[in-house]
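Participant: Take this structure first; my questions come after.
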There are 2 protein chains.
Amino acid sequence: MEATSHPAVHPVAVPPQFQGAGPPAIQMKDFPGSPGTAGGLALRFTQFGFSLISLCIMVSIAGFSSVTAFCFLVATMVFQCIWSLCLGALDIYALLTQRSFRNPLIVSLFVVGDWVTSTMTFAGACAAAGITVLIDNDLEQCGPNHCGRFEAAAAMAFMSWTATTLSFCLSFWLLASCR
Amino acid sequence: MEATSHPAVHPVAVPPQFQGAGPPAIQMKDFPGSPGTAGGLALRFTQFGFSLISLCIMVSIAGFSSVTAFCFLVATMVFQCIWSLCLGALDIYALLTQRSFRNPLIVSLFVVGDWVTSTMTFAGACAAAGITVLIDNDLEQCGPNHCGRFEAAAAMAFMSWTATTLSFCLSFWLLASCR
């Protein structure tokens, strides 16, 4: 990592010059929201916050575990929380040490991880939303079934998915634009 | 379109030269599966085929319209069929006239359209799968509810989503790599 990551303090218009022989270094230009920037950290905090709220709402509802889709939503929210927290910690490290993630291999890992996480979060949110709509609109048995809280948990999961998708797109763009 | 699209017969190593003044043309390199290639056309046919099968299975089940999520799946499958058919027709036109979609504006439209379509298809498939699992595993009322056919329709929708996501990624990579 030492050999391929460089301090993020170079002006954008003047790329760092490398001494010695070897293949030319790949230039990856950081932009707001990409990994290792303050915008990236804000996105990670947003994802973590929304998924934590969704998780807290779900586990506060007695008997949620009797529906497989709600269990899946809880599992994806736990996974989303852990992923966002880890990546947020990496962003804080990058900001404190004035380094940036310009290594295509590391950015590839972020892209794959973000894609898997966002897909799972979206799947959980859609399944939970589908069942909530079934209970609420189709069966009209909302009284004892806490529909409002299920809807709130699904909505928070959708917000978390939006932020994760944004992270994915920015990382993917960063990766593709260095090729 | 005439001014910005060029024949696809130029060798890759020798980009076409433009006469006269003006900004340098943006180079977009085609690769298998990107819009306007035989691979891209195959992906469109795959999407269309799977979504058509899913649609046919859904509408063959009497009473599917009593569940909102199943209606949503049918709507997304119709949308997916239309989108894939239109893009497939454009691919056929590009192949027949030996042209390629190297215009960033057109590729941007493909990227946005593919993203919207794949997201809707995935949402419909997840909601239908969540409800099928609810009926099958949680409530165990599968006898009169055609679970096998609902599962098959959701599976076909997931296959269609996979092909659409691949189209989206290839178009997005093509767009990002020309910047």
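Glycine is treated like the rest: Cβ placed from N, Cα and C.
Just lifted these from Swiss-Prot, have a look:
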type	residues	note
TOPO_DOM	B:1-54	topological domain 'Cytoplasmic'
TRANSMEM	B:55-75	transmembrane segment
TRANSMEM	B:76-96	transmembrane segment
TOPO_DOM	B:97-114	topological domain 'Cytoplasmic'
TRANSMEM	B:115-135	transmembrane segment
TOPO_DOM	B:136-154	topological domain 'Extracellular'
TRANSMEM	B:155-175	transmembrane segment
TOPO_DOM	B:176-179	topological domain 'Cytoplasmic'
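Show me how these features fit into the structure around them.
Facilitator: Looking just at the topological domain 'Cytoplasmic' (B:1-54), the mean pLDDT is 65.
Same-chain residues lying 6 or more positions outside the transmembrane segment (B:76-96) and placing a CB less than 8 Å from one of its CB atoms are 8, 35-38, 40-41, 44-45, 47-48, 51-52, 54-55, 58, 110, 113, 117, 120-121, 123-124, 157, 160, 164, 167.
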Participant: If you run through the topological domain 'Extracellular' (B:136-154) with DSSP, how many residues end up as helix, strand and coil?
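Facilitator: Counting residues per DSSP class in the topological domain 'Extracellular' (B:136-154), I get 14 helix, 0 strand, 5 coil.
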